[in-house]
Amino acid sequence: MGRYGTGWEGVTSLLLQLQRAEAIKHNCCSSGNLSRNAMHKNWRRACPVTSMDVLVPSQINALNGTNVKIPCTFTSCYKLDPSKFIMNWTYQETTNSTEDMFMVYKNPYKMLPVKSNRFGERVMFSGNLDKNDLSITILDVKLMDEGIYNCYVRNPPDRIAGHGIIQFVVLTELPPPRDSTIAVAIGASVGGMLALLILSMVVVKCIRRHKNQDLISDEQKMEEEAKAEGEGGTEEATKNLSLLPEDV
């Protein structure tokens, strides 16, 4: 068990250390109740080195001439410190092109656009620093706005800077709605086949019913004819008996 000892004492010591580290991490990353000195002191034990996460969509499709928001948010164990926070937006035509900065964070607590020949005054900050939201909005999107947008974030004492990459695609027209003709045709065909199958089953059933009725009618006729013949034979026999010699 190393420095924690051996046996149950070592296990107990290890569990206490893990519980203490978890409590420190919870306070550091969630409640924010620890002082800055305490946070720094317990950082190595409580929070991972790479605690920064930048959340962005991988691609945005924008219609030419519209206003489009490009979202970027980040998560961190530390609350944003206006005096140390660093953030900027850059644009690239391609992955091999140089990056042009067009939006930057300035203390105290402001996001300011950088003069740009490409965007002019068409870019505005639309996020909320209190909520770690660094989103921007491009006004009157143009074809030349298509490219790669980079959201860079550094929130000391996080040691690793965050980086989000968004592929921005500009469309000249909305994509056509999905053609449902084939689906409708298939549905109609299947429905027609089911209707035909049901109709066929009904017809077959009716034919069988009529045949059964015909058989019953034929049997009844045969029974009636046999009965009639029996009655006729009885009458003939009675008539013959009336003509016997003793009566002549």
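Even glycines carry a Cβ here, placed using N, Cα and C.
According to TrEMBL:
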{"type": "DOMAIN", "residues": "48-172", "note": "domain 'Ig-like'"}
{"type": "TRANSMEM", "residues": "182-204", "note": "transmembrane segment"}
{"type": "COMPBIAS", "residues": "218-230", "note": "compositional bias 'Basic and acidic residues'"}
{"type": "REGION", "residues": "218-248", "note": "region 'Disordered'"}
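Taking DSSP states H, G and I as helix and E and B as strand, the domain 'Ig-like' (48-172) has 6 helix, 58 strand, 61 coil. Looking just at the domain 'Ig-like' (48-172), the mean pLDDT is 93.
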